[in-house]
Amino acid sequence: MLRNSLFASGKLRHLPAIAIVPKLTRSSSTAKPLDAVTQKEVRHHENHASEWWNQNGTMSALHALNEIRVPFIRDGIVSRGIVKPAYVNTTKVLFGQNILEVGCGGGLLTEHLARLGAQVTGIDLGVKLIEAAREHVKCSSPELANRVVYKMEPVDQHAKTNCECYDAVIVSEVLEHVNDKVALLEASVRTLKPGGSIFITTLNKTIPSWFGGVILSEYVLGLVPRGTHHWDKMISPLDVQRILDTMNCETVMVNGSTYDFWSNNWRWINNNQMCYALHAVKQPQREYN
């Protein structure tokens with residue numbers, strides 16, 4: 001059973017919006033060009049597209065993360081009572097679920113969710129990453145390939161033609177690479193059906209996560225390419241919850257996690273000082289503030 005570790009008491013608090021959350025605005029009808037910072041992030045990840053599926057390469061920690069994030073997503077969807085009873089406790093437990101992964105990269109998580117029976121759309125800004133994802137799924141069974149669609153498209157553009165289409169939206173290991181988190185989450189939530197779930201995994205903005213996730217992992221041990229993470233882009237689970245609150249999404253679960261680099265293993269822990277996984281549910285329609 002997943003453990004809620006947002007607070008020591010194990011209970012969620014719903015907090016008022018604070019100044020970090022600007023007033024929400026709708027995206028314009030024309031897709032905006034990528035800013036220089038975003039282009040740099042995309043290029044950084046595209047540099048590793050060819051080794052994305054190498055479990056022993058620079059993406060080994062991301063491969064290992066599937067061991068806990070896939071069950072977190074699966075169990076979260078099942079807990080909402082939207083999975084057909086006939087598929088619960090089967091290998092195709094997510095059959096009939098329509099899922100969007102925002103920032104899918106080379107498709108590590110996308111394919112795993114499709115293997116559980118879901119119809120999954122993966123979007124990303126990196127053409128080389130989408131190419132890597134498409135090439136890998138081609139090598140899979142036709143049944144799996146038919147359940148996966150990859151698009152090189154920003155989420156705000158995708159939301160214009162896919163409003164309230166998805167049962168679940170995944171934003172995994174993405175927020176720590178984005179400047180405008182409000183805009184990304186707002187567009188992601190717009191694609192979500194009322195009652196649907198949004199799942200987020202990212203690093204917390206703490207000294208322990210900075211030391212372990214950046215200094216140690218990138219500059220001492222070389223487990224992650226240098227320049228992958230930046231302090232100013234990290235965000236706490238409380239701030240994510242506050243942002244989602246303004247979008248009529250109720251946070252129902254936050255789990256703290258950590259990475260044991262010596263064994264390439266992720267595990268849940270009783271605090272969120274390092275990393276966390278968050279599950280929120282979109283409530284019935286209401287006007288944005």
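Just so it is clear, glycine is given a Cβ too, placed from its N, Cα and C backbone atoms.
Among the candidates Arg69, Arg74, Arg226, the one that TrEMBL lists alongside Gly103, Asp124, Ser172 as binding S-adenosyl-L-methionine is Arg69. Most buried of the binding-site residues Asp124, Glu173, Glu176, judged by other Cβ atoms within 10 Å, is Asp124. Less than 8 angstroms from the CB of Gly103 (S-adenosyl-L-methionine binding site) sit Ile123, Asp124, Leu125, Val171, Ser172, Glu173, Val174, His177, each of them six or more residues away in the same chain. Glu176 (Mg(2+) binding site) sits 17 Å from Arg69 (S-adenosyl-L-methionine binding site), taking the C-alpha atoms as the reference points.
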